[in-house]
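In what follows, a structure is listed as structure tokens, so that the remarks can point back to it.
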Amino acid sequence: VPLRKLLAVLAALLGGACLLSYYGSLSGSGPDARPGPDLRGVNRERQRAVRAAMKHAWSGYRAYAYGKDELQPLTKSYNQRWGSWSITLVDALDTLYLMGMMDEYEDAKRHVQTIDFSKSPAGYRVPVFEMTIRALGGLLGAYELDNDPKLLLKAKQVGDTLAKAFNSPTGLPYSWLDLNYPKSVVDTSLCIAEGGTLQLEFKKLAQLTGDKRYRELAERASEAMENAERPIKGLYPTFIDISSGKYNLYSSYSVGGAADSFYEYLLKQHILHNMRQPKYGQQYVTAVEAIKTKLVGRTQSGMPYLGSITSPDAAVTTAMEHLACFFPGLLALGAQAMDRPQDLGLAEELTRTCYLSYKLTATGLGPEKFQITDRKSPRMLPTRVGTDPGPVVPPSSEEGVRITAIDSRYILRPETIESLFVLYRVTGDTKYQEWGWEIFQSIEKYTKADVGYAAYEDVGKTDPAGNRADSMESFFLAETLKYLYLLFSPTSLLPLNEYVLTTEAHPLRIMPN
């Protein structure tokens with residue numbers, strides 16, 4: 001069956017006008033939602049390149065790790081570190097669908113029916129947060145695009161399994177589940193990302209199944225975290241005690257690891273509810289104002305970054321995590337969704353900071369953690385008598401700042417590309433596409449292995465053979481390649497006024513009124 005005929009049938013069955021118009025515009029006959037560079041030229045070629053990368057990543061997984069959790073690309077082997085739930089396959093379902101890789105998608109969807117999400121092998125524990133965003137989110141995202149009821153049944157099985165984790169005195173979920181010994185609870189504390197990044201998936205599952213129990217579990221966890229005493233209005237300590245529901249007031253505050261997606265889901269719950277649950281919008285606004293006051297630092301020349309604090313009166317640290325690079329995209333999304341134009345300028349500035357964390361390394365890949373500082377102007381440096389100090393380099397220019405890697409790994413993360421995608425969608429500025437293309441070329445040059453793609457040990461070293469690591473996380477397929485593909489796609493593909501993307505980039509339709 002020709003691809004366009006198959007897509008026409010799918011569009012008729014699913015009401016997928018945006019999908020059909022998307023493929024129409026690729027062939028030169030459909031509308032594009034925003035004027036810009038010729039989609040049939042530069043961006044179409046870029047889409048093809050990203051799709052080829054997905055083909056390469058998937059074929060490596062298919063050949064050496066199919067049905068397992070993750071491909072180990074250098075040894076051409078696999079691991080089962082996520083509880084043996086075929087997590088790369090499940091996480092990548094909607095990416096396969098969106099890229100039109102229908103043979104691979106149908107093959108993967110058949111495999112999903114063989115997975116028993118109520119079990120895991122002896123000796124494995126299921127991480128509740130990761131399986132919510134990767135497994136439950138992956139199945140729901142694929143269902144939202146495909147409308148295959150078998151996917152929803154499997155999503156329900158995952159939800160029923162993960163629901164067991166909420167059996168705590170406070171309603172906060174435990175971090176881990178041992179499905180073979182369900183009463184062996186060892187968790188005492190929870191990071192706020194683990195407790196606050198379940199809500200989109202569980203609420204969508206409740207809507208699609210008609211079972212309000214999933215929504216109630218998510219809301220009880222949210223209420224426990226919102227109602228607990230906190231010393232800084234709008235900010236949340238990174239850890240909370242599961243039994244008492246009290247925050248660890250000695251833990252840090254940040255939008256980096258262990259906290260990031262908690263703040264993300266404040267806004268995205270508001271959007272998922274079609275802007276009709278104002279408490280989430282207000283919580284988001286209060287958080288953003290506190291973040292801007294407490295967690296945004298600037299170099300002497302004014303370059304912004306996102307750090308952390310350890311107490312209400314502490315100065316913000318100068319170290320920024322790659323994980324925090326999701327935040328400028330969130331700011332831009334909030335600026336558009338909540339009519340907060342005052343946030344867009346900071347979103348653009350922070351996106352540039354994250355982009356420079358890639359551009360100013362030897363490989364063009366972004367480190368896991370870094371410092372951004374001003375270079376000293378040549379006029380400020382000591383010179384020999386009679387020597388012309390040379391031209392001044394403005395500190396705000398690319399040549400005027402320095403990136404120092406604190407953790408020099410690049411593990412194929414998506415956050416900077418995610419923000420480039422959102423900033424492009426919100427502003428229409430094609431520089432974000434250009435920046436994304438630069439990053440993609442570096443990914444191709446340094447991380448592409450004979451089989452799949454490999455994490456990189458030191459972004460400051462340009463010898464791929466000595467720096468690739470034997471790891472390809474599922475989020476590379478679920479997020480990094482998906483966001484790159486969407487960056488070069490017309491806005492009719494997953495329009496942001498119809499879908500909200502989870503923290504793992506799985507598309508969920510905004511709920512009706």
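We count from 1, first residue shown onward.
Using the three backbone atoms N, Cα and C, a Cβ is placed for every residue, glycine included.
Note that this is a predicted model, so its numbers are computed, not measured.
Between the stretches 359-378, 379-398, TrEMBL puts its region 'Disordered' entry on 379-398.
The recorded disulfide partner of Cys325, taken from TrEMBL and restricted to Cys191, Cys354, is Cys354.
Around Thr503 (Ca(2+) binding site), taking its Cβ as the centre, 24 other Cβ atoms fall within 10 Å, counting all chains. Here the CA atom of Glu415 (active site) lies 9 Å from the CA atom of Cys354 (disulfide bond).
The CA atom of Glu130 (active site, proton donor) is located 11 Å away from the CA atom of Thr503 (Ca(2+) binding site).
Annotation note: Asp260 (active site) sits in a helical segment as assigned by DSSP. Rounded to a whole number, the distance between the Cα atoms of Thr503 (Ca(2+) binding site) and Asp260 (active site) is 9 Å. With Glu415 (active site) as the anchor, the candidate recorded positions are Cys325, Glu368, Thr503, and the one with the nearest CA is Cys325.
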